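I have placed the structure first, in the form of structure tokens, so that the comments after it can refer back to it.
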């Protein structure tokens with residue numbers, strides 16, 4: 001059995017990753033594939049926490065751009081992440097992996113409220129913990145949620161699984177054929193050069209708490225495990 005490099009991780013999934021090629025909604029085949037990859041690392045005795053975005057169902061910024069109150073639009077986005085989290089939980093439990101959804105906004109009929117000590121206890125019992133509803137506050141992204149929860153639970157690394165790119169580039173590789181992929185970066189590089197890794201709030205939080213970040217593609221099956229056992233994939237961001 002491969003030896004994992006990291007004991008406790010936060011896996012950040014974009015909402016789009018759950019939509020697959022259809023671009024929106026929840027694709028059952030894709031979410032089952034992701035659940036199988038999570039099962040692989042759970043079987044290595046890695047403690048797994050997951051933060052899921054909601055962009056496949058709703059984006060707060062889009063609503064705001066269309067004239068909605070920004071806070072209302074963001075709360076709708078938080079509810080979208082709960083839907084995604086419940087779908088992922090169902091897929092994991094179909095595969096026999098015990099999991100818990102914890103929400104930043106209380107909705108006790110469908111999930112536990114977020115309690116840090118309880119989340120850590122679940123992880124110690126090798127249950128997958130899915131953090132839903134963002135930070136519970138408008139104006140904060142799910143990237144910031146991943147950084148915040150990683151700091152709170154003292155995760156060893158954040159694995160940022162992308163569905164449309166396999167690392168961090170100096171330009172958009174979909175538009176610029178000469179774009180170069182970085183093997184490694186510092187958070188100061190990300191902030192200084194305005195690289196689209198995660199928003200500046202999330203990057204600053206990771207930098208201040210010395211949490212490394214690996215950006216990689218979720219589209220190639222087995223990549224989550226490769227990242228966990230320390231294979232060189234994607235781009236690693238760390239330090240100042």
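In case you wondered, yes, glycine gets a Cβ from its N, Cα and C as well.
According to Swiss-Prot, the feature ATP binding site maps to 12, 13, 14, 15, 55, 59, 163, 169, 172. When secondary structure is read from DSSP and collapsed to three states, residue 14 (ATP binding site) falls in the coil class.
Look at Swiss-Prot and you will find 54, 74, 135, 136, 137, 138, 139, 140, 141, 142 tagged as UMP binding site. In the three-state DSSP scheme, residue 135 (UMP binding site) is classed as coil. Taking all protein chains in view, 19 other C-beta atoms sit within 10 angstroms of the C-beta of residue 135 (UMP binding site).
According to Swiss-Prot, the region 'Involved in allosteric activation by GTP' annotation covers 20-25. Averaged across the region 'Involved in allosteric activation by GTP' (20-25), the predicted model reaches a pLDDT of 86.
Burial estimate for the binding-site residues (54, 55): highest at 54, by number of other CB atoms within 10 Å.
The Cβ of residue 137 (UMP binding site) has 15 other Cβ atoms within 10 Å, all protein chains considered. A straight line from the CA of residue 141 (UMP binding site) to the CA of residue 55 (ATP binding site) spans 11 Å. Non-local contacts of residue 172 (ATP binding site) by the CB criterion (under 8 A, 6+ apart in sequence, same chain) comprise 179. Neighbour count (other Cβ atoms within 10 Å of the Cβ, all protein chains): 13 for residue 139 (UMP binding site).
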